[in-house]
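According to Swiss-Prot, the protein carries these features:
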type	residues	note
DOMAIN	1-52	domain 'ClpX-type ZB'
BINDING	11, 14, 33, 36	Zn(2+) binding site
BINDING	113, 114, 115, 116, 117, 118, 119, 120	ATP binding site
């Protein structure tokens, strides 16, 4: 009789019999099968990400991410490809419900000279994915208890940018700039306190690897009595960037030791692309602690920008500087034209300043100041032409009036 009753037990939700399912869990007069339990878990998981504006359903592919980056970032093709794959894998890991124990988080280290687009890449990724984004400067950070910013303040910035929506903040992106500036003074462990170097790396470790952090909503040091907000950093993507001046020499030294007898043949290749051959041991030699390096499995290097790349940056991206100035002039009814030799002269000046694309805006502001001061008050101007002589301060911008009159500003 007991056997007969056992055979007729059915799931109270789907009606399947005990024989049709793997497990049948009994409650007080009700039963639920393993299939219905799985379905309930899926529904709960969907509700968990409902407020994240469809990013789970519409997670872009690496190619789609790369294509969007191309609209705003010129060159750096390999870095863009590495970032696209890493970001895709990171969010796939979150939204496909994979256990964090199975797949390591794809935190990213960007290595490259000043003005090569490290910050822009991180900003553009966050914009495309529509996730909260925060930028921090590693040079302002110190260990807790010392003058400076606590590492938890980075998380506070992210939380503020997410309008204190904890769930959104927990899938955000944090970019830490100047990370090379917190390298320890030597590659051997220090017996003295290094509160802005190794100490900061140790403090960052906790939030980078994933922890339940206590965030002071008004900043940590001035309001010690406030209540804390808990933020899980497990699914926050950390991107660190730095110029790592001097890293090339460390890499060359390592490669030189390994290629004795072949050095003359490989030297040219090494010189052209040294940073791309960076290994974790090089970063450790530079002064990053092994545990910190280990938390950034993805390393992308960015190349110094040449004249052609800088000209493209001036003209091609959706938010290119030349396009911005042309839009400003068009509001006053004036067409703004930059000649090819003017663009090349601007690129040369930027290279001379050794700050990459970062120099372009200040150079343009200097060139355009006088004419932007004049045009709103001057009637009848149809076109403004900027040529090489204008860039090099040998002439004023050429103004063409509607009655075909030409005048220098």
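Numbers run from 1 along the shown chain.
Glycine too: its Cβ is placed from the backbone N, Cα and C atoms.
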Check: What Cα-Cα separation, expressed in whole Å, is found between residue 118 (ATP binding site) and residue 14 (Zn(2+) binding site)?
Finding: 53
Note to self: Give the mean pLDDT for the domain 'ClpX-type ZB' (1-52) on the 0 to 100 scale.
What the structure shows: 76
Item checked: Assigned element (helix, strand, coil) containing residue 117 (ATP binding site), judged by DSSP -> coil
Item checked: Local Cβ density at residue 115 (ATP binding site) - other Cβ atoms counted within 10 Å -> 23
Checklist line | Inter-residue Cα distance where the pair is residue 36 (Zn(2+) binding site) and residue 114 (ATP binding site), in Å | finding: 55
Checklist line | Euclidean distance between Cα atoms of residue 36 (Zn(2+) binding site) and residue 116 (ATP binding site), Å | finding: 53
Margin query: Neighbour count first, Cβ atoms within 10 Å, every protein chain included; then name which of 114, 116, 119 tops the list of binding-site residues.
Written below: 116
Check: Are there residues of the same chain, six or more positions away from residue 11 (Zn(2+) binding site), whose CB falls under 8 angstroms from its CB, and which are they?
Finding: 21, 24, 31, 32, 33, 35, 36
Check: Considering the binding-site residues 33, 36, 120, which residue's Cβ sits among the greatest number of other Cβ atoms within 10 Å?
Finding: 33
